[in-house]
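Scroll down for the structure; my scribbles are underneath it.
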Amino acid sequence: MDGLHSQNLQYLETLCQDLYNPKTQEQRTNAEKLLDYAFPPFSVTTRIPNSSTSPPVNPIGIVVQTPAECSLYCQLLLQKSNSPYAQMFASAKLKHLVLDHFSTFSLPQKIELRNFVLNYMGQHPDQQPFVIASLAQLFATITKAGWFDSEDFKNVTSDLSSFLQATVDHRVIGLQILSLVVEEINLSTNYAKNLAKQRKTASGFRDAELLDSFRLGLNILRQLLNGEVPFINAQQEIRMKENCLILLRNCLLYDFIGTTPDESSEDAGSVQIPTSWRSTVEDPAFLQTLFQAYKTFQPPLCSKVMEVLVLVSSTRRSLFSEEERARFIHGIMQGTTEILMQSIHLDDLNSYHEFCRLLSRFRSTYQWSEISEKPGYGEWIDLVAGFSIKGFEAWQLASSSVEYLNIFWSKMLSSNGTSRGSNGNRLEVIASQLTRTFISSKVESVASIIEGSTLTDDPLENEDALVADLEIFAHIARCKYDESAGIIISIFDPIAREYQELIRQASSSLINHSLTSAMEVIETKFAWLVYIIGAVIGGRQTYISTEDQDVIDGDLSCKVLQLMNVNQSYSSPQGGNSGFEKLELAFIYFFQQFRKSYIGESTTRISKAYSKLSTLLGINDQNMLLNVLVQKIATNLEVWATRSKVVNRSINLFNDLSGGYSVVRLLRNLETVHYIIQNHNGKNFPFLDVSDNQRIRMIYYSALSRILFSEDNPEKDFEEFVKPWDMTFQELASLNSLEAYRQQAVKATLLGIFRDLRGFILAITGRKNFLVFFEWFYPKHMQVLLHALEAWADDPLAISILKFFHEFVFNRSNRLTFDISSANGILMFRETSKVLCTYGAQWLRRPTITTDKYTEKYKGVSVCFGILMKSFVGRYVNFGVFELYGDKALELALKTTFDLIINIPFDDIIIYPKLSRAFYEMLDTFSNEHMMTLTEMSSDTFLYIMRALAAGIQELDILTIQQTSKPKIQQHWLLNCFAQYSDMLPYLFAANFGAVLFDDRATQWSLSRPLLGLILLNRDVSGFFYLRFERALDSLMEEVELNLTTKNRDRFTQNLTSFKRELNNNNVADALLEIGHPPHGGFLQDIIMYAPDIHTAKISKCIGPAFTIKLVPLSEPAPKLEKHFADAAPEGSIVVVSAPPNTPNAAWGGLMNTRVRMRGVKGVVVDGRIRDLDELREDGLPVFAKGQSVLSARKYTHPFALDVPITIINTGITINPGDFIIADLNGVVCIPKELIDRVLELCEKQVKMDDNVKKDLLNGVSIAEAFKRHRG
């Protein structure tokens, strides 16, 4: 390779500077293009110069041809350049090459690159920090990518020991490299396509290197604390401490058990430290070192120590013995007590935050009883309480930190529910103090937040997070509920008096800015209180809460309802003033929580909560409260139309109420609900005309539909209900052209009405009610739908129309069951055909889309597939009528559907899951009953469907694998296709039969159903299986007739199940023992299954004829074979390799395995050793052997002959070419080819005998007697 000339080097350095530090965006873009041209990424998206222009001058003077060559030039650039920008570019490019093309590098090239990076960092410890960080990340990536390629990649800590024993700068770099290696191997971001390999790498590193890395970091931390490291300057000391702590943190964040990539970083759950770490964690000096580091190190380093302590405090309980666990818990409590007493670094916000996390994680991992029995518990809990109260008071300074204190106390107090004694009483006192502080601090913060004098975001702006916090706080408040309620009321009442005074002022004078601002503050305070009251009422537990607590709920509810009445009588939305909206949202949340606790199917009709409501407000039961609630919802929908949050929450509450069986009937009788039903349109509820509310209107009409049809005879009310829709449809029907339909105002009307209709029919489940809707909509409004679909086929509006029609043809809960004399089903499918043809014709004319294909193109097609599928499975259409009377509706619908199919690239069918599922579901229903009605099918469509069927069989998605029946043989277009493509049936048979016979899937029944159809279509398609298993396959057809009735299919499936049971190597070996040949029942002893992994394998069995390979020692002469034995293995065979006895090398490895798998070999049996186990398991091909080795064959053995008799060592069994091999988890058995029929006969007999024995055993017969009866 030519070197880089100085001129080229300077040019490259200039380009790299322009890339990372450009003066203009154009300069950066030009530099990026030129550098990509010099160092190509070798991907599909590689930038290629325009052929019409001359190529740019190559910055390095030559054209790089391969990734490996590109890597060498990157290394050269690193060596020669002093520019940090060039070094950064070279490092980043090398990382890209490793991630995308490392498999194309030879092993020496991989090792050379690894060693180069390590040596380069060792020789240049003074590089810029960002360059060192990039190189360290590169080394980590190389280590992960090459982990299974060579032992060289696994010696991480030993290779880095030279760094850790050299200068301080080298030690810093060594720690940085090691921490990044730990982090990189734990992450799966760049390895999403091969998560199995990622997990194996992570497991290997965990077992080999992780503990050593952790101990190394811990030892260096002790050296730092003891002052044993001589530093030149303070910055050097900070960098070393920081990297040491990052290493410890990354080790503890490791996904030890492989559950989720970032499980250990979650704030819930324990850290699953392996048992091998026990001695390190149980060492008394371990916790002492970490707490000492926290006390000694200054911010920001002390917060990083606390991060480590957070993870340590979450160590799984089962790691310790009971005695050691008690010592560990006490150690954590002692360390945190000292921190709290001296307030060590708690003025640093990051340390404060991590300390709060420590308390939360510590309590989440260890039980209250374990903590409360420790010496010093009283002092500790009082200190934590004081710390928490101060935190609640100053929550604005660290709002996210207070969440963890909330969790800590929630768990402490929930465990205290049944406790007695001083510890329990102490917690109750603390609970009251926390409640008062929590509520008062929130209320008192309102003014400063509104004025903007604090940097804290308003929690009321994020209701999801707010509600999550309040639901946790509710456990604290309900611990001493009577006192908590008193606290709430004591804060509520003074604000209420102030509110009344402001209302009096507003009523008696003009409202000025000062008054409005004061009103906003008051109402926002009320919003906090209403949210808190809602949360504590929602925290009621049905079978635990007492009547006294229900009375308290009633008291608090009265406060909210009284406030709502006063507020509603005074206020309306005040322009952009958000304080009022927050209070409205709080009222809705309160009602949602009250509904959950006191309204519904499982709640007591008359609760003690209603006694207070009755006394103060005249609300005696849930009926009266429902009326208040619905009035509030109606008011919100009328008044707050432009506030989408209020509208959404109100409608969701309304929908939740309508979902209850008894509650919906109560709603139906309310006057307010009558008003909504009679005036449901945009004229009375203007929220329907606001574009931001388009999606929620479906839920609104679903709720109204449930309420409307909750009565037995809703016809009259329905007629009144749909009058606004009738008027809209009349206006749309008057439009006389597609251009008129394409007006934006018309589009908005169409979008609204079809979403409304979809929501309305979505809730209809009864036949009678749906018929009422059907007779209204069809036929008078159908033309509007078709015109709208044609006018807006390329717009998202078409999806809304199609989704409505999909729901319209969906026989949900058998609602589409028409009378026998009714033609409605046929008429409905005629319209279905028109819809599909109208949309399909427009879709086929669309240009190719390369951006968001699914949303812009395939979403509509998926809905069309769904419409056809729902029509087929609905059972409300007699499809035979169409052909009988010459109606083309079905034919046109199918033709359009197939035109859509063949215009979708096959890969896209698999890539997009929603499209895939819709396609296969439609294909399943079509092939079941409608394929034979099709008069013709193009060869392109036929081939596409056959490919799709084979691909679907291989899919692991159970919902995609559907039973697909094939019709009886008759003179049909299918026969012509099968004759034209004669290899298609063998292709389908092999895929299907292989999946049934060899795979252990939950879909065996479904996969067995099409197999009978394939056998009946052509008895010769089975090829090898008929030659070798003619008797067995004949047994499959025993008592099976030549038809596809359900009874006949069931019989075939039973025979197939029996066939699988008979054809296992236990039965085969017993049969061969009875025959007396070959020795040991053909069992190849000591040969066991190594691949795939038995815990995750989908295929753990292989059956096929033997293709033998004989190896001899290298010292023995052997003829030169025409081709490599892996290239000679025939499809469908089992490769059997015979290695010389006592050879230490592997006779089989990963590359050979990959080759025979690609050739269609079913499995490999090795009378010897194998290597590359992880690669073999990743391949998925069953591999059986006697042992493992790391040695290649090149210095030990070579092939002597192929397809010749071989003798298995220590068994006396000779395997001839073509003998049958059966291998599974039990072992490997060889059946001489001349004994196959006899073996299968005896296997069948053996299974029947065993079935009879088992039957007797289940009836209480002794095993001796059962054997005597049936085995003789």
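Cβ atoms here come from the backbone N, Cα and C positions, even for glycine.
Record check: TrEMBL places Gly1149, Gly1150, Leu1151, Met1152 at the substrate site, and the matching candidate among Arg1159, Arg1169, Arg1171 is Arg1171. Note on the domain 'Exportin-7/Ran-binding protein 17 TPR repeats' (454-694): its mean pLDDT in the predicted model is 87. In the three-state DSSP reading, Arg1171 (substrate binding site) counts as coil.
Of all the binding-site residues in the list Gly1150, Leu1151, Met1152, the shortest Cα-Cα distance to Asp1172 (Mg(2+) binding site) is found for Gly1150. Of the listed binding-site residues, namely Leu1151, Met1152, the sparsest Cβ surroundings within 10 Å are found at Leu1151. Put simply, the two farthest-apart Cα atoms among Gly1149, Gly1150, Leu1151, Met1152, Arg1171, the recorded binders of substrate, are 11 Å from each other.
Here the Cβ of Arg1171 (substrate binding site) has 19 other Cβ atoms within 10 Å, regardless of which shown protein chain they belong to. All protein chains considered, the CB of Gly1149 (substrate binding site) has 19 other CB atoms within 10 Å. The record gives Gly1149, Gly1150, Leu1151, Met1152, Arg1171 for substrate. Within 8 Å of the mean position of their Cβ atoms, the other Cβ atoms in that chain belong to Ala1146, Trp1148, Asn1153, Thr1154, Ile1170, Asp1172, Glu1175, Leu1176. DSSP assigns Gly1150 (substrate binding site) to a helix.
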